[in-house]
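*Asks:* Can you read through this structure? Questions will come right after.
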Amino acid sequence: MESLRIAASHRTPLLLPAPHQLRRRHLAAVPLSLPHTSLYLSLSSHRHHRLAPTPLHRRIPTLLASQTPNPEADSPAPGGAKLVPLLASLAVGLAVRFLAPRPAEVSPQAWQLLSIFLSTIAGLVLGPLPVGAWAFLGLTAAVATHTLPFAAAFSAFTNEVIWLIVISFFFARGFVKTGLGDRIATYFVKWLGGSTLGLSYGLTISEAFIAPAMPSTTARAGGVFLPIIKSLSLSAGSKPNHPSSRKLGSYLVMSQFQAAGNSSALFLTAAAQNLLCLKLAEELGVIVANPWVAWFKAASLPAIASLLATPYLLYKIFPPETKDTPDAPAIAADKLERMGPVTKNEWVMIGTMLLAVSLWVFGDAIGVSSVVAAMLGLSILLLLGVLDWDDCLNEKSAWDTLAWFAVLVGMAGQLTNLGIVSWMSSCVAKLLESFSLSWPAAFCVLEASYFLIHYLFASQTGHVGALYSAFLAMHVAAGVPRVLSALALAFNTNLFGALTHYSSGQAAVYFGAGYLELPDVFRMGFVTALINILIWGVVGTFWWKLLGLY
């Protein structure tokens, strides 16, 4: 859940990342408390206390030294927008507004809104300001220039799907706060962790298991799986930012990173962008009946095939130096023993999520919408004290997401209403017709274009807000079956989350762990993308035909 930023303070050098990590400006933060960080210490102590923490009396001088005044460190970082990205982002919109000829079939209002929208998208890519701030500037421009009335500009802030996404952040916090996600993953490590490959499968399967009830890939990465992977790697002598990283940590991080997209694609509620995709499809008149079940049926076979193939194929082409991990099951068993029995809050979390998922699956039949199911679940967690309101208030990423998602969705919806999307799709359809492409060929061209364009984006949800509606309209105009178009684009949105170190929130989390080199991320991201395309293209083609999607 993506494009979540960490601001690095220069006041406390002790806490700064290593120099080679400073370039990772896309590093995403998961603002979740991590009660299970003790796993690092507990697993380390299992290995003869090799990684025991530094005693307090030895740390105090270092901490005090870090507070020594430093004029250079104490000088505040320059505020405001970054000049070059700001000028470039504005130039995109101004060029469209004043230099590009307006088609006769497009109204001046629609053309002006398109210029503001494109400038907003350019800013999300180039980053002159944080995404929420830049989106607000775009919204302000639309209202101040009378391109949109205030009510229309802010209409998306009441969008049910956006609030469902916000509540999903709170659910993810509940999983991490109670330790339930950690417990589930540790069980799979205990059962399957006797070898490095088995350990990878255990982590991958556990993520797929909790994904439908923990609707944030970024939260799963930073709040559950990365701490476990780091602990297991360190206990095996595999350290980040060190030659030993290839012993175990690099493979486990890469495998989990590359497999996470398939876990997110498997369930409608496994990632925020899934819900956003179907909402945008609905605004274009593409209705997916019984969406949770329809999504799972369409994704199940190709996603499961990719989940089973990814750890093994990476084991062959990106092999770890350590092949066996005989200590991992014992470490996990020891951790579970010290965790004790399942707590009351964990049982409440289990029951609440079973209720929420059940209502997501069967809600249409009984008249309960997805957002109402999520509201009921959050209300239960608040009433029973699993979460308190401060937990919700401190979930800054949720409120930031509300702000900039609503802006993008609102602008995209108004572009659709004003006829821009239909005009663009008809132009593309005529272009495809000039090449005499059948709808299957057009489908492949459009899907590949949608996928590869993500190299320009640092957010899956930003990509959806910017391009999903336009590409779906192009699919429909080219004659691709409507529901197949909507679902395939949505599945694609999950799969390109592992292309680069900046392509998603979880990408930044895993890359920031220090176990992956940048060339490896790009190389394995591209190779795994080809593998996923092959699996989803072959398996999905037959499966979707069997399901009657075309």
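Including glycine, each Cβ sits where the backbone N, Cα and C put it.
So TrEMBL lists the following for this protein:
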TRANSMEM  83-100  transmembrane segment
TRANSMEM  112-136  transmembrane segment
TRANSMEM  148-172  transmembrane segment
TRANSMEM  292-315  transmembrane segment
TRANSMEM  345-362  transmembrane segment
TRANSMEM  368-389  transmembrane segment
TRANSMEM  401-425  transmembrane segment
TRANSMEM  437-458  transmembrane segment
TRANSMEM  470-491  transmembrane segment
TRANSMEM  521-544  transmembrane segment
*Asks:* Counting only pairs at least 6 apart in sequence, do the transmembrane segment (521-544) and the transmembrane segment (292-315) share 3+ Cβ pairs under 8 Å?
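*Replies:* Taking Cβ pairs at least 6 residues apart, the transmembrane segment (292-315) and the transmembrane segment (521-544) are in contact, with 3 or more under 8 Å.
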*Asks:* How about long-range neighbours of the transmembrane segment (148-172): same chain, 6 or more residues beyond its ends, C-beta under 8 Å?
*Replies:* 1, 32, 113, 139, 142, 213-216, 219-220, 223, 269, 272, 275-276, 278-279, 353, 356, 369-371, 374-375, 377-378, 381, 387, 391-392, 395, 397-399, 401-402, 405-407, 409-410, 413-414
*Asks:* Considering pairs 6 or more residues apart, do the transmembrane segment (292-315) and the transmembrane segment (83-100) have at least three CB pairs under 8 Å?
*Replies:* no
*Asks:* Tell me whether the transmembrane segment (345-362) sits in contact with the transmembrane segment (368-389), defined here as at least 3 Cβ pairs under 8 Å among residues 6 or more apart in sequence.
*Replies:* yes
*Asks:* Is it the case that the transmembrane segment (437-458) and the transmembrane segment (401-425) touch, counting contact as three or more CB pairs under 8 Å in which the residues of each pair are 6 or more positions apart?
*Replies:* no
*Asks:* At a C-beta cut-off of under 8 Å, are there same-chain residues at least 6 beyond the transmembrane segment (470-491) that contact it? List them, or none.
*Replies:* 265, 273-274, 277-278, 280-281, 284, 286, 288, 294-295, 298-299, 302-303, 421-422, 424-426, 428-429, 432, 437, 439, 442-443, 446-447, 449-450, 536, 540, 544, 549-550
